[in-house]
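Per Swiss-Prot, the feature Zn(2+) 2 binding site maps to 166, 169, 188, 191; the stated evidence is sequence analysis. Feature annotation from Swiss-Prot assigns domain 'J' to 5-70. Per Swiss-Prot, repeat 'CXXCXGXG motif' is recorded for 149-156, 166-173, 188-195, 202-209. Among the features that Swiss-Prot reports, zinc finger is placed at 136-214, with the record citing sequence analysis.
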């Protein structure tokens, strides 16, 4: 598959200044960054494409080569001469870190020296009942992760020894493959990007500085969370390499469906059945809330589907904004399993509502059938 033009990738013209290129990169990096698009392979590919375009177009030598030869300038065996590995030189990762670190708090520092890599972030999916989500709860969870080896204190080296600076890249973690008049930055094949090598590894972790362990954590879930909310536990992710800081643990909340209530924002919704007689004559019906049962006054001649708002009976949002309401929908139940006598009484009642009294006693039915009659009259006229 052919590569897209680097200028097109960043959405800038060929006469764009370095400032314009950095501005375009910053915007696209935020849009497609993997932390913002977890599980989206398409976004990850676009992020890599944007990063590659930025690294080429902000380096004067690489940009000049690209402007003259296009993508062929960076292909192996592209006619620009051979070369070997070499340490030192410009660290293009520092350029990337200057921009990218401003956005996400990362980036390398310190004259191109390679830092040990921070531990990976972890995600834990937590399922809650509606009651737990609304009121808040503390949950104990077990998380399989990598922790610092306590035998070598995370260094990976045996006690009494230490990691040494890599002789191939001189601690940079990257080397340059020279191709004619420019160089391409690559991960050091000796230390695999770490900048250091361990000649006498720890027997416990075999030089990794980390080992597998299941951690038990107590997670406090604040009141008002909902499905999709994420709780960050700083430093509870995987331990970093060679004593580097640990990543974070993100607890992803999912609230189970409730058998009575549905939640929308800070409001709760429920359906309450009422009898045919109560809907017609009025009365009181018991309504469930998260705080207990309350009585709702049903007006006379209530139609099925009518909504009632009970203020302050919803959810207090986790981000503030007050307490939501409980929206109650009354559903008029049709009587079933009627006796002969009950059927006769209903027939008598229905007959008493017919004739001239139909409009008075059945306003919706009368309006519906008048509408149907008008519809067919219009079709035949």
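Just so you know, glycine gets a Cβ as well, placed from its N, Cα and C.
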Item to check | Interface present between the repeat 'CXXCXGXG motif' (149-156) and the repeat 'CXXCXGXG motif' (166-173) (three or more C-beta pairs under 8 A) | outcome: no
Item to check | C-beta crowding around residue 169 (Zn(2+) 2 binding site), within 10 angstroms | outcome: 27
Item to check | Averaged pLDDT, computed only over the residues in the repeat 'CXXCXGXG motif' (166-173) | outcome: 87
Checklist outcome for this item: Taking all protein chains shown into account, the Cβ-based neighbour count within 10 Å for residue 188 (Zn(2+) 2 binding site) is 22
Checklist entry - Long-range same-chain neighbours of residue 191 (Zn(2+) 2 binding site), Cβ under 8 Å, sequence gap at least 6? => result 166, 168, 169, 173, 197
Next on the checklist: Under a three-state reading of DSSP, tell me whether residue 188 (Zn(2+) 2 binding site) is helix, strand or coil.
Outcome noted: coil
